[in-house]
Amino acid sequence: MAVDSLETEIDTAVRVVHLASSLCVKVQEKLHLPNGGHVKSKDDDSPVTVADFGVQAIVSWVLAEVFGDQNLSIVAEEDTETLSEADSLGLLGAVSNAVNEALSEAQNYGLPKPVKPLGSSEILKAISRCNSVGGPKGRHWVLDPVDGTLGFVRGDQYAVALALIENGKVLLGVLGCPNYPVKKECLSNGCNQAMKTKAVAGSVSKGCVMYAKRGSGQAWMQPLIVGGIPESATLLKVSSVDDPVLATVCEPVERANSNHLFTAGLANSMGVRKQPMRVYSMVKYAAIARGDAEVFMKFAQSSYKEKIWDHAAGVVIVEEAGGVVTDAGGRNLDFSKGVYLEGLDRGIIACSGQVLHEKIIGAVYASWESSSL
């Protein structure tokens, strides 16, 4: 399918991420209330919340309504195993309430609305629909309902990430960043300071939604409005900084997800002076796309396998905003191998431009042999 024919897809994706992000805002407000959290641990001890399941159900249901569910392929992080456990009735009830509350406002976002509230079985079906494993052929929607759930639980940064892949190529991406400030100047007080403002229905939130379509040469940002869609968008452009000394480097917060020691040594070898911008989730890609940072580096432990839903949406947004994203060997990320980014060379490097990217790649090769990664 030609990229030019994706108007319905990008429009639907942007709208449903706005709706899903609004659900997240409301759920996060309740997290620290008595009995308002419903945070559980999955088999790998990572947290999962009402928002994770609620977003996946909403996105799945909307995509099925708009595009039909017969040949709909959705690759997503969550399944229904946790919700099906005997002690999860309260969690399932909270998910159902959140989903139906959000879908009751779907028409405000220009999206279809259920004739009647969805039952638990319908919500579980919607979540279970997202069981595709992707691959080199065909069209696959790729969803991370709440990327950075730990950040979400802590009242910090997180993202709703939706992408469309066809024949192994990412065609579009949308990032909902409910706690990432629309105005850059808010970052001067630190990323985490922008999250204390309560979102009010019908008003501009502190967050934003970013999106891009492959080949357009443009990436866009809209303010996140709880209860509707904004009427305008702002063009995104990466930073023009190409000197590592002046660059801001993004990296994951959790040491388990990245080798901070190696990235610190790498930054030092290039003369980087600024402290790293440590951010949960794909908000790191948002920071690069908007020019708030120039470099995102992630070097996970060798046993860790990167998943496509953690990168697809962010990669296309950065690239269409003028940036470059590759593995540490300078190769494009391969989204055609299924759930995982197979064949990844050491790590992932996203930069605001080709000149800076080449300098980073060169420094990686120079530093690699002396690292303990």
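Every residue gets a Cβ built from N, Cα and C, even glycine.
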Recorded Mg(2+) 1 site member, picked from Glu65, Glu77, Glu78, that accompanies Asp144, Val146 in Swiss-Prot: Glu77
Identity of the Mg(2+) 2-site residue among Asp310, Asp327, Asp334 (reference: Asp144, Asp147, source: Swiss-Prot): Asp310
Neighbour-count leader, CB within 10 A, binding-site residues: Lys284, Lys298: Lys284
Largest tally of Cβ atoms lying within 10 Å of a Cβ, found at which of the recorded positions Asp52, Glu77, Asp144, Asp147, Asp310: Asp144
In sequence order, the binding-site residues (Asp144, Thr149, Ser281, Lys284, Lys298) whose C-alpha falls within 10 A of Asp310 (Mg(2+) 2 binding site): Asp144, Ser281
Additional residues surrounding Mg(2+) 1, by Cβ distance to the Glu77, Asp144, Val146 centre under 8 Å: Asp52, Val55, Gln56, Ala76, Glu78, Leu143, Pro145, Asp147, Thr149, Val160, Ala161, Trp309
Other C-beta atoms that fall within 10 angstroms of the C-beta of Ser281 (adenosine 3',5'-bisphosphate binding site): 29
From recorded positions Asp52, Glu77, Asp144, the one whose Cα lies nearest Lys284 (adenosine 3',5'-bisphosphate binding site): Asp144
